[in-house]
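Annotated features in TrEMBL:
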- 1-20: region 'Disordered' (REGION)
- 1-10: compositional bias 'Polar residues' (COMPBIAS)
- 1-90: domain 'SDE2-like' (DOMAIN)
- 11-20: compositional bias 'Basic and acidic residues' (COMPBIAS)
């Protein structure tokens, strides 16, 4: 025999022959089933409170706090950049159109009929970032000047 007295009598049986551990388990299960509506109600209240808090937070952030953007330097830079991009795109499209016009022009039927004009003889002026050629320049030399 051991020197200490055991307090675990769950493996013992009562007078009707059932184990004490089974009886204790049945009592705990009955208490759990009885308290289930209260637990569900508390859980629903917690969820409702959480949803209300989130809705309140969203309503405050949407309605209450509006931010005004007052950085004029940034706005000016943004406008300048947009204008520069638009002008660059239009210049590129204009160059593409000019190149398409020169490549679609009818080829000369006789090479001797087209006089050879050197770049020194052709008058060219640079306007903006584009090369504008005089109308006396044939299309073959105009394409050569544009690519140079």
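Using N, Cα and C of the backbone, Cβ positions are placed for all residues, glycine too.
Just so you know, TrEMBL annotations never went through curation; they're auto-generated.
With helix defined as DSSP H, G or I and strand as E or B, the domain 'SDE2-like' (1-90) counts 63 helix, 2 strand, 25 coil.
In this model, the domain 'SDE2-like' (1-90) carries an average pLDDT of 90.
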